[in-house]
């Protein structure tokens with residue numbers, strides 16, 4: 001039979017073979033030969049991995065050859081970076097950490113603050129009646145309340161930082177805005193002398209019924225009453241008693257960092273001073289809170305957490321591939337020189353005849369245990385049980401997604417016995433927290449027109465008709481209209497401003513002056529506002545819905561360019577975006593997982609299983625959150641984002657070991673994957689758990705939530721990676737995607753083993769036509785063999801030369817790999833030259 005030529009290349013028989021790297025990427029698609037996307041994707045993955053391995057092989061070899069220089073460079077780099085701690089400043093402001101700086105609440109607050117005092121910090125002293133003094137209205141108890149009040153206003157720089165109605169800096173404590181129950185006696189302690197409790201009750205009742213009594217915050221006494229006296233009792237129009245007193249001092253909230261630091265220092269002195277009064281006030285249980293109370297309790301925000309986590313992971317990786325490799329190269333040299341690990345100055349004896357060398361790898365017990373576990377998973381009965389269990393677990397997780405709530409209790413941020421937690425509990429017990437919301441109009445509107453006045457009055461109905469607000473409002477326009485109607489005055493046209501000036505001069509209505517901002521010449525109104533009041537609810541979900549609904553109502557139902565704002569809205573803002581941000585972060589994380597793992601896992605089915613595995617784990621975490629009564633908030637969102645990394649870590653390693661296995665059947669590949677990498681994955685999960693177990697005994701609920709979430713992440717992650725995923729891989733992925741021939745895989749087992757193609761002394765031998773250590777004469781793995789022609793023909797010289805050249809290159813590559821291993825670097829990417837050329841064999 002005449003001789004004929006045939007080209008055998010990497011795409012033959014629907015397989016792409018990178019012979020130099022020992023990688024076989026199988027093509028399992030049934031597309032036309034002219035366009036096979038799977039082959040194209042496999043080629044891209046092979047090219048990427050080959051370049052990546054080659055780079056790190058070159059990089060690691062260079063480090064191993066110069067370990068001392070590498071260690072010195074790393075130490076210098078870390079030392080230089082550590083200098084930054086000199087300028088390190090901790091950010092503890094809640095507004096900066098938890099609130100989006102581009103949020104609508106912050107923009108609205110800045111706009112409203114130009115006209116009205118809406119942005120301030122509240123420093124609160126809460127005095128609860130002690131068991132021996134059940135009524136705080138007794139003269140003795142009120143005199144002790146004066147002691148607490150004087151301690152606050154006498155603090156250094158109080159007048160410099162307090163809020164004033166004019167917006168200017170105060171000259172004395174009398175100019176400062178506060179809501180204080182002692183104002184009913186004009187802060188004059190002598191008026192309590194020689195008075196009994198009956199006289200105090202009548203004096204307090206007269207103040208409550210006096211509509212002209214305006215307090216320092218610009219509001220009537222009756223308006224502030226429920227915020228000053230807790231659990232007050234009345235009988236026949238007389239205030240007879242109260243269980244608690246609350247004194248609120250308003251302090252500026254500067255945006256300047258230097259001024260903010262001064263305010264924080266003043267707040268610290270406020271806390272220290274009030275705390276020292278606990279033993280001096282026998283009538284009361286003293287509770288207190290300041291703006292920094294929450295700042296001191298909070299953890300890092302999501303944004304800062306992600307930035308620091310990214311830097312930590314990046315720098316950790318760089319130090320591992322540089323400093324650790326350099327240090328390990330010294331350890332490899334110790335092993336090669338036959339020195340003990342614990343006592344490196346002691347040499348090991350030579351092995352006895354027939355006995356293994358002292359440094360010969362021994363199969364670990366953990367690997368044998370994982371091998372038994374893997375064999376158990378491959379049983380048909382076990383697979384059925386795992387499938388049913390995984391589906392049930394996923395169904396429960398999906399149900400949990402629909403049931404998780406978004407409430408946020410500030411008490412979880414504080415320690416169990418902290419003053420903040422005690423204050424919040426006492427305030428909730430004795431006072432109804434009815435938050436005031438300003439509906440601000442800053443547009444250029446003509447207040448003299450009847451239509452404008454009608455639209456402003458309509459704002460009252462918009463607020464009171466909202467289900468989250470009380471049927472109570474404070475509207476200057478409503479009161480002004482009723483006044484004008486009662487005195488039969490016209491308030492439209494040119495008569496509007498003169499009549500308004502007369503109205504505001506009446507003591508009974510003078511408190512509306514702070515709801516109007518007149519121009520400097522007093523000829524027009526620049527801004528106005530009305531007040532609405534939220535229903536009493538500490539639920540963050542209720543507060544979020546109240547904010548979003550009133551914004552929507554004012555925008556859609558009012559023809560004015562008005563907007564609702566309260567300082568608390570900047571905190572409600574985070575409640576409104578938590579679910580959206582959580583979903584966005586998880587989607588981004590899933591895409592990142594897909595993009596990063598795809599080139600390494602190669603096979604689309606395997607990659608999809610890893611992504612679905614991650615998605616199922618997140619759903620199941622939501623189910624655990626429902627069981628543990630953990631709400632979805634900015635704290636738990638951090639845990640969910642962190643769960644992505646752990647879920648991928650537990651699953652991707654197992655999947656990668658599965659696809660690189662050279663076993664013939666899926667079950668055998670599962671056994672090999674788990675027996676080689678399973679123990680490492682389990683130890684990684686166990687070490688994570690041990691590192692976080694101390695949080696279970698923390699005194700703060702937020703850290704206990706962290707522990708519960710991490711416990712769920714570790715348990716579910718290991719369950720998916722070591723149980724559920726291997727079963728699905730064995731069912732959906734039947735054949736290996738990436739195969740490393742034994743000739744390549746075995747080079748990493750024993751650094752002293754003989755390389756194929758050499759004699760006992762390491763010298764190169766002549767190539768044979770038989771297979772070379774698991775590969776045939778063409779360099780293909782035995783699992784991918786080429787059938788020889790049936791007719792016996794004499795091989796031509798060029799074929800022998802080709803085989804000779806190929807085996808020489810293979811042996812050279814194996815020599816290079818053995819040398820790299822002996823200096824501590826497994827240079828998997830060391831390839832023979834000419835790896836992209838086609839090998840032609842004439843048959």
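Just so you know, glycine gets a Cβ as well, placed from its N, Cα and C.
Look at TrEMBL and you will find 758-775 tagged as compositional bias 'Polar residues'. The domain 'SSD' annotation in TrEMBL covers 305-330, 588-731. What TrEMBL records for 749-775 is region 'Disordered'. According to TrEMBL, the feature transmembrane segment maps to 68-88, 305-330, 384-402, 585-602, 608-628, 640-659, 679-698, 710-731.
Counting same-chain residues at least six beyond the ends of the transmembrane segment (384-402), those with a Cβ under 8 angstroms from any Cβ of the stretch are 377, 616, 618-627, 723-724, 727-728. Counting Cβ pairs closer than 8 Å to the transmembrane segment (710-731), the top stretch among 608-628, 640-659, 679-698 is 640-659.
Of the Cβ pairs linking the transmembrane segment (585-602) with the transmembrane segment (608-628) and spaced 6 or more residues apart, 3 or more are under 8 Å, so the two regions touch.
With a threshold of 8 Å between CB atoms, the same-chain residues lying at least 6 positions outside the transmembrane segment (608-628) that come near it are 390, 393-394, 396-401, 403-404, 586, 589-590, 593-594, 597, 601, 636, 639-640, 643-644, 647-648, 651-652, 655, 708-709, 712-713, 716-717, 720-721, 724-725, 728-729, 732-733. Sequence-distant contacts of the transmembrane segment (640-659), counting only residues of its own chain at least 6 positions beyond either end whose CB sits under 8 Å from a CB of the stretch, comprise 302, 306, 582, 585-586, 589-590, 592-593, 597, 600-603, 606, 609-610, 613-614, 617-618, 621, 669-670, 672-674, 676-678, 680-681, 684-685, 688, 709, 713-714, 717-718, 720-722, 725-726, 729, 733, 736-738.
In terms of DSSP secondary structure, the domain 'SSD' (305-330) contains 26 helix, 0 strand, 0 coil.
Mapped onto DSSP helix, strand and coil, the domain 'SSD' (588-731) counts 127 helix, 1 strand, 16 coil. Confidence for the domain 'SSD' (305-330), expressed as mean pLDDT, is 81.
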